[in-house]
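Among the features that TrEMBL reports, xanthine binding site is placed at LEU20, ASN27, LYS156. What TrEMBL records for 47-157 is domain 'Phosphoribosyltransferase'. Feature annotation from TrEMBL assigns 5-phospho-alpha-D-ribose 1-diphosphate binding site to ALA128, ASN129, GLY130, GLU131, ALA132.
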Amino acid sequence: MKRLEDMITQEGLVLSDQVLKVDSFLNHQVDPTLMWEIAYEFMDRFKDAGITRILTIEAGGIAPAMMTALRLGVPMVYARKTKSLTLNEGTISAEVYSFTKQQTSTITVAEKYLQAGERVLIIDDFLANGEAAFGLAKLVEQAGAEVAGFGIVIEKSFQPGRQKLLDAGFRVESLARIKKLEAGQATFVDRVNV
Ligand code: G4P
Ligand code: NA
Ligand code: NA
């Protein structure tokens, strides 16, 4: 997606050869018109996939997930990463290991917001190692629902997440695919200039 790649190029900060900071439009300040265009792309790619719900994880996935839900006319739910005072009985949980933080955490969603028979589009802001993505897929499977695919805003293609998801049989649609982060610059896989 050209505008997204342009934003990454112009405003992204390459913190290391592993980490891209996008706090001006995605991970802290959030650009609503960009999110709305991102959602158009996801809608276009998944409009015939019979999606009945969007699932994401707090916090970075919520903005693109919300806009995509609005585009597709379906409900959106986000998995929580911390214990909630009000979310206790009737929940589904999965363990997620973070390579960045080197710790395992539990992600949770209420059963009533993820039900058997649903076709779920999982949206997230970043795909790196795929741990969060697989955790979300486990929630869907435990609910007796089906993963229709993954919609990823920024995929770090030099990390293994995408390939692991493909190997597991999932559909993955990423709007920006970063080939490498080097010398302060991001380069993209298959950059399309449209
Ligand atoms: P994984 O789920 O793909 O295995 O990723 P990992 O554990 O490495 O990533 C943990 C967190 O870091 C996730 O956010 C993920 O979105 C984010 N992340 C991974 N790589 C990058 C990157 O290059 N840049 C930025 N900005 N974020 C990255 P989180 O901390 O769980 O959630 P939140 O920040 O959305 O609240
Ligand atoms: Na995230
Ligand atoms: Na994040």
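Glycine too: its Cβ is placed from the backbone N, Cα and C atoms.
Annotated 5-phospho-alpha-D-ribose 1-diphosphate site ALA128, ASN129, GLY130, GLU131, ALA132; additional same-chain residues within 8 Å of its Cβ mean position, judged by their own Cβ, are SER98, PHE99, LEU127, ALA133, PHE134, GLN159, GLY161. Summary of the xanthine site environment: with the site residues LEU20, ASN27, LYS156 set aside, the chain residues having Cβ atoms within 8 Å of the Cβ mean position are GLY12, VAL19, LYS21, VAL22, ASP125, PHE126, ALA128, ILE154, ILE178. For ASN129 (5-phospho-alpha-D-ribose 1-diphosphate binding site), other Cβ atoms within 10 Å of its Cβ number 16. Helix, strand and coil residue tallies for the domain 'Phosphoribosyltransferase' (47-157), in that order: 26 helix, 46 strand, 39 coil [DSSP]. Within 10 Å of ASN129 (5-phospho-alpha-D-ribose 1-diphosphate binding site), counting CA to CA, the binding-site residues LEU20, ASN27, LYS156 contribute LYS156. When the Cα atoms are compared, GLY130 (5-phospho-alpha-D-ribose 1-diphosphate binding site) and LYS156 (xanthine binding site) turn out to be 10 Å apart. Between the listed binding-site residues, namely LEU20, ALA128, ALA132, the fewest other CB atoms within 10 angstroms of a CB are found at LEU20. Distance between Cα atoms for GLU131 (5-phospho-alpha-D-ribose 1-diphosphate binding site) and LYS156 (xanthine binding site): 13 Å, as a whole number.
The number of other CB atoms found within 10 A of the CB of GLU131 (5-phospho-alpha-D-ribose 1-diphosphate binding site), across every protein chain shown, is 18.
Geometry remark: ALA128 (5-phospho-alpha-D-ribose 1-diphosphate binding site) versus LEU20 (xanthine binding site), CA distance 11 Å. Counting only residues at least six positions away in the same chain, the Cβ atoms of LYS21, GLY60, ASP125 sit under 8 Å from the Cβ of ASN27 (xanthine binding site).
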